[in-house]
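Quick notes on the structure that follows.
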Amino acid sequence: MNKKISQKMFKVALLSISLLLTSSGSIAITVSKMQETFADRGPTAVEALVTASNITVMIFVLLSAFLVRMLGTKKTVLLGLFLAGAAGVVPMFSADYTIVYVSRLVLGAGLGMFNSLAVSLINEFYNGDERNKMLGYQSAVQSIGQTITTFIAGILVTYDWHYAYGIYFLAIVSFLLFFVYVPDVENDAAADTNEVGKQTVNRFVILSSIALFFSFGFLMAIFLKASTLVQEANFANPAFLGTALSLFTLVGFLGNFLYGHVVKVTKHLTLVFSYAIMGIGFLIVSFAPNMAVFTAGLLISGLGSSAFLPYSFGTIMEKAPKNSANLAVSIAMVGTNLGSWISPYLLSFVGSIFNNHTAQFSLLFSGASFLAFAVLYLLISGTFKKEKSAAEAA
């Protein structure tokens with residue numbers, strides 16, 4: 001019985017480090033209020049506070065193998081959680097743009113230390129059906145973490161945008177769970193990481209990472225532009241936005257939880273369905289006449305987004321060169337985080353090209369891009385069918 005409890009708590013602790021991995025979008029609800037505080041800064045600069053952490057996440061994802069060799073896996077994860085928690089709450093106590101921006105960078109450094117480990121540790125300890133289930137659970141934990149933090153931030157921001165950053169106190173929970181229930185796994189989980197010098201990547205890994213870069217560049221629009229769109233459209237009950245965004249991530253959680261079952265049906269067309277549903281959801285959001293339709297669009301978008309990340313990581317690990325899964329995951333993580341970081345600038349650039357900087361246009365263009373991705377993946381779906389993929393192994 002104790003062994004069963006230990007195994008269960010080991011899984012909980014292993015998954016708990018994913019709670020805050022996607023939390024940068026959770027405080028996006030503060031954008032409109034931060035624009036009032038930082039009135040001397042442009043909208044893009046304020047939006048950049050939301051995604052600033054992603055650039056340091058990317059850097060420290062690349063450095064994580066070195067840190068694991070220096071500190072060991074467990075100490076690397078614990079140090080990352082400590083930095084994420086300590087730096088994450090700094091904006092609660094400061095209204096200085098530079099201090100807030102730097103704290104977001106340090107937050108990203110902490111998250112980056114264990115970002116790829118959140119996935120590669122699963123690949124290390126599990127295989128086959130169990131691994132695919134754990135990958136689905138890992139994405140689900142990211143979604144439920146984002147749901148919780150978005151909901152809490154939505155409540156706290158009604159009092160003061162500074163309070164919303166209190167969500168990063170949740171790092172304490174992950175820190176304690178990992179400290180107590182995960183053994184010192186330097187020699188086991190880091191073994192493949194220590195072979196980093198021998199690892200290589202192939203064209204599939206590179207192209208998939210590029211696709212993730214653009215996917216997250218446009219996906220972040222739902223967080224960066226949601227509060228602005230609600231203001232532009234003058235929706236009734238704008239305070240419901242926090243709940244609506246929480247529902248977006250909640251639907252994503254449910255989709256992640258059922259990922260193993262869904263992918264057995266959609267198989268090599270999983271990405272086609274995922275991007276198509278996201279595209280439709282984004283278009284509904286962009287043309288929403290009221291908060292109810294806006295929320296419905298968010299729910300559809302969340303459902304679509306729930307499958308493309310675990311499927312992408314699963315296929316990347318399956319098709320990476322032998323003994324190169326960790327490097328492949330790290331490069332894919334670079335794609336997701338660089339895409340998230342550049343999102344405000346990408347959306348601003350697109351707006352400049354079309355001379356339309358409204359939130360509605362940003363969401364419209366993002367939705368159209370996802371539909372284009374769906375068509376592209378439909379045309380190349382044979383790539384996922386010919387070779388054994390993680391999805392087919394599920």
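Note: Cβ is positioned from N, Cα and C throughout, glycine not excepted.
Annotated features in TrEMBL:
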{"type": "DOMAIN", "residues": "9-384", "note": "domain 'Major facilitator superfamily (MFS) profile'"}
{"type": "SIGNAL", "residues": "1-28", "note": "signal peptide"}
{"type": "TRANSMEM", "residues": "44-68", "note": "transmembrane segment"}
{"type": "TRANSMEM", "residues": "77-95", "note": "transmembrane segment"}
{"type": "TRANSMEM", "residues": "101-122", "note": "transmembrane segment"}
{"type": "TRANSMEM", "residues": "134-157", "note": "transmembrane segment"}
{"type": "TRANSMEM", "residues": "163-183", "note": "transmembrane segment"}
{"type": "TRANSMEM", "residues": "204-224", "note": "transmembrane segment"}
{"type": "TRANSMEM", "residues": "239-259", "note": "transmembrane segment"}
{"type": "TRANSMEM", "residues": "271-288", "note": "transmembrane segment"}
{"type": "TRANSMEM", "residues": "294-313", "note": "transmembrane segment"}
{"type": "TRANSMEM", "residues": "325-347", "note": "transmembrane segment"}
{"type": "TRANSMEM", "residues": "359-380", "note": "transmembrane segment"}
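Among 134-157, 204-224, 325-347, 325-347 has the largest number of CB pairs under 8 A with the transmembrane segment (44-68). Sequence-distant residue pairs (6 or more apart) of the transmembrane segment (271-288) and the transmembrane segment (325-347) include fewer than 3 whose Cβ atoms are under 8 Å, leaving the two stretches without contact.
Within the model, the domain 'Major facilitator superfamily (MFS) profile' (9-384) shows a mean pLDDT value of 87, rounded to a whole number. By the Cβ criterion (distance under 8 Å, sequence gap of 6 or more), the transmembrane segment (101-122) is counted as touching the transmembrane segment (325-347), at least 3 such pairs being found. Panel annotation: around the transmembrane segment (77-95), residues 17, 20, 23, 37, 60, 67, 71, 103-104, 106-107, 109-114, 117, 162-163, 165-172, 174-175, 178-179, 182 of the same chain, lying at least six beyond its termini, place a Cβ under 8 Å from a Cβ of the stretch. Long-range contacts of the transmembrane segment (359-380) within the same chain, counting only residues at least 6 positions beyond its ends with a Cβ under 8 Å from a Cβ of the stretch, are 211, 214-215, 218-219, 221-222, 224-226, 228-229, 232-233, 269, 271-276, 278-283, 285-287, 304, 347, 350-351. The transmembrane segment (134-157) is in contact with the transmembrane segment (294-313), judged by 3+ CB-CB distances under 8 Å for residue pairs 6 or more apart in sequence.
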